[in-house]
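Engineer: Sharing the feature lines straight out of TrEMBL:
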| type | residues | note |
| --- | --- | --- |
| REGION | 23-62 | region 'Disordered' |
| COMPBIAS | 49-59 | compositional bias 'Acidic residues' |
| DOMAIN | 101-273 | domain 'Yip1' |
| TRANSMEM | 120-141 | transmembrane segment |
| TRANSMEM | 161-185 | transmembrane segment |
| TRANSMEM | 197-222 | transmembrane segment |
| TRANSMEM | 228-250 | transmembrane segment |
| TRANSMEM | 257-281 | transmembrane segment |
Amino acid sequence: MAAVDDLKFQEFDDAANLLAANPDATTISIDEPAEIPKNQHSRRQEPGREEDDELLGTDDSDKTELLAGQKKSAPFWTFEYYQTFFDVDTYQVLDRIKGSVFPVPGKNFVRLYIRSNPDLYGPFWICATLVFTIAVSGNLSNFFIHLGKPTYHYVPEFRKVSIAATTIYAYAWLVPLALWGFLMWRNSKVMNIVSYSFLEIVCVYGYSLFIYIPTAILWIIPQKVVRWVLMMFSLCLSGSVLVMTFWPAVRDDNRRIALATVGTVVLFHALLSVGCLAYFFDAPELDFPAPVIPAHNVSTVITKS
């Protein structure tokens, strides 16, 4: 059986001997916590900031994901490059549509639905469906308004399709492009601003327009009050998705610039809603003149008796 002294660690004996030889020596315990870095200490003072950073994706891994929509292995002139933008299944599209229709307060739409796999499939078809829905519903609304008037002759206005397509696709692409450029510019000025990728911003705008598809169908109802109530409801619902997405990204900027940015986003969104309703559905009624029936020359024959 081993002696008791054999079970002792040699290192402990050496340490005890050194301490006895030099009583003024400083000892360090392994249980002593390491010095907390200053940056971690500052974050612990702001408990709410950790949740915001998690939603915004400001850590290193999320910065890599942030640029995932811009970094493609295939060249941009190849089909494989654009194929990745449509690599999404039906369940993902449905989840993103539900997230845009039922926004959750305090939740970032990009963080929850888009960042893992941004796509163009949903925004493209949502815009295409909205174009034809607004054009067809606008023609039907005009038809029902003048239905029963003897002087009215229905003529389909196919130009509404091209006007709706130009308006909606310009809004869904040009406004995100301008916002993406602005965020990139402000990111070079203020380090705390999160700059979304262009593809992520397009996804947010595209999916936020889905609520207007059923709204445009209900705009056929020939009551202006009902139409404007539906428009305000859709505007608040879809606008809240944009505000909850972009406000956390710019709120660390100058207060006036942050408010102006979010206000501009809401303003353009409101102009689209009001413009579509006013032009395609609430256009002033035109008085159609009655058709002129040419009178036939009647010759009168007078006979003498």
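Using the three backbone atoms N, Cα and C, a Cβ is placed for every residue, glycine included.
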Engineer: Residues of the same chain, at least six outside the transmembrane segment (161-185), with any C-beta under 8 angstroms of its C-beta?
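Structural biologist: Those are 123, 127, 130-132, 134-135, 138, 193-198, 201-202, 204-206, 209, 246, 249-250, 261, 265, 268, 272, 275-276, 279-280, in sequence order.
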Engineer: If you average pLDDT over the domain 'Yip1' (101-273), what do you get?
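Structural biologist: Mean pLDDT for the domain 'Yip1' (101-273): 89.
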